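**Student:** One structure coming up, written as structure tokens, with questions to follow.
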Amino acid sequence: MNFGPVALSLTASFMSAVTVLGTPADVYRFGASFVLFFIAYALVIILTSELFLPVFYRSGITSTYEYLQLRFNKPVRYAATVIYIVQTILYTGVVVYAPALALNQVTGFDLWGSVFATGIVCTFYCTLGGLKAVVWTDAFQMVVMIVGFLTVLIQGSIHAGGLHSVLEKAENGSRLNIFDFDVDPLRRHTFWTISVGGTFTWLGIYGVNQSTIQRCISCKTERHAKLALYFNLLGLWIILLCAVFSGLTMYAHFKDCDPWTSGIISAPDQLMPYFVMELFSTMPGLPGLFVACAFSGTLSTVAASINALATVTFEDFVKSCFPRLSDKLSTWISKGLCLLFGVICTSTAVAASLMGGVIQAALSIHGMCGGPMLGLFSLGILFPFVNWKGALAGLLTGIFLSFWVAIGAFIYPAPASKTWPLPLSTDQCGLSNVTESVPPVLSSRPAIAETWYALSYLHYSTVGCLGCIAAGVIISFLTGRQKGKDIPPLLIRPVCNLFCFWSKKYKTLCWCGVQHDSGTEQLLPENKGETMECDLDTNMSGFSRHIMLSSIEI
């Protein structure tokens, strides 16, 4: 495929209804510091396109977890695949349930009707159309999302007295205090929390996630794959700015009568739909455009997740057990897996009601599972001396640390001084049932709840990734380092070349025995469809046969 529809598909898949509903509500309650993800997105795309993508693309793989088998062994691959499947199913449950709940509360749509209709539609066109159906429908849904956001922004700004009035009211309400350089990692959103923690979180989503890499390696050349990522960055920035300004516009509208604390709505995630229904109450059709916007985000993400789950399961489990399946049978099995995961993902939406706010729940799930996965792939790509024992132990260590802090934070919420949102007013509501929201009473808390469990949710990925890398390096040294000469050069990204460019001696030392100068690194400079011959036979033995087969299959 060309880079255009792939770029739109990437943006639509990860800018889901979580973004459409959750980000404006977060800005409304906590301020516009969310816009600092502008920096995190840029760092993530640069690292993905220059560090991770070249390795995956040139390896001729279909599933990112094939790489783990080539670099380490099957147990590492299977462990990572299971974690990815759990992560994706949980996240998809949030994506399906949250907008359905919000729209049910505000518009009267039947909750479970919305949930199951979404799941059925996504499963249907994903099963029948495969990846191309997902990519093209994502591209269309991306356009719908932007049109919906712009409609809300334009009409909301006009209603509030213009953009200048919106910004003035936001400034008076302390919503524009963006740059907070406090280095305390317990603070929910600061410059450093979002720049560092947000980069780790989104790098786990983009750099090593099957949903992303599957699209990138479907591009006709590596150059097209990189262009897709960089054009996708523009899409991410546009959606982010639209969501942040929607939140500020919403605050300007409700600054004297907050519908959440006044009891008009029951959850912050219902703010955006309620705002739209109030804003466009006399304009038939426009509320429906917003409904389409929210559900476009849901459809694109759920379809991408189902397709990626089916691909990973087929490549990592089915083909491993039954390597001689015919093409026709393989196609039917793939469609059956899409159907199965569509049912499972839709069913797990029931559990999403226990996960709290939409945006924080989604990023927490990605951090808990994506951080250790990022650490695992980093061990394989950046550290040639790490062996399979270190990789597996590092993955388990990262999972333990990230789940420990996340579950602890769920049981013992962070202190109010670290997370409590900005003031909201109900002075002009004129309602008798207005309730003043107060911080939750925190009693019988262990000392660890004030430090470790109070860590910002954006750092769950940081903890998991760094814990995985540290444990993997240490255990590899203790159990015997991997010999570099046994590792095919295209599986390692020699970033040390950037720091030791002046000395071939030091570069070679940092390669840890990997033969990067043997002429086998640039296997697919332009066209993935070219036959992978070069001098693989002399340097890669059985590995070359696997790559040749992968190339033919693709």
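Cβ coordinates come from backbone N, Cα and C, glycine included.
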**Student:** Checking feature assignment: transmembrane segment per TrEMBL, candidates 260-280, 365-385. Which range matches?
**Tutor:** 365-385
**Student:** For the transmembrane segment (32-57) against the transmembrane segment (189-208), do we get 3 or more Cβ-Cβ pairs below 8 Å once near-sequence pairs (under 6 apart) are dropped?
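**Tutor:** Per Cβ check, the transmembrane segment (32-57) touches the transmembrane segment (189-208).
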**Student:** Are there residues at least 6 beyond the ends of the transmembrane segment (189-208) whose Cβ is under 8 Å from a Cβ of it, and what are they?
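**Tutor:** For the transmembrane segment (189-208), the sequence-distant neighbours (Cβ-Cβ under 8 Å, at least 6 residues beyond its ends) are 14, 30-31, 33-34, 36-37, 39-41, 43-45, 47-48, 51-52, 64, 179-183, 229, 363, 366-367, 369-371, 373-374, 376-377, 456, 458-462, 465.
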**Student:** Do the transmembrane segment (289-315) and the transmembrane segment (78-99) share at least 3 Cβ pairs closer than 8 Å, excluding pairs fewer than 6 residues apart in sequence?
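**Tutor:** When sequence-distant Cβ pairs are counted, the transmembrane segment (78-99) touches the transmembrane segment (289-315), since at least 3 lie under 8 Å.
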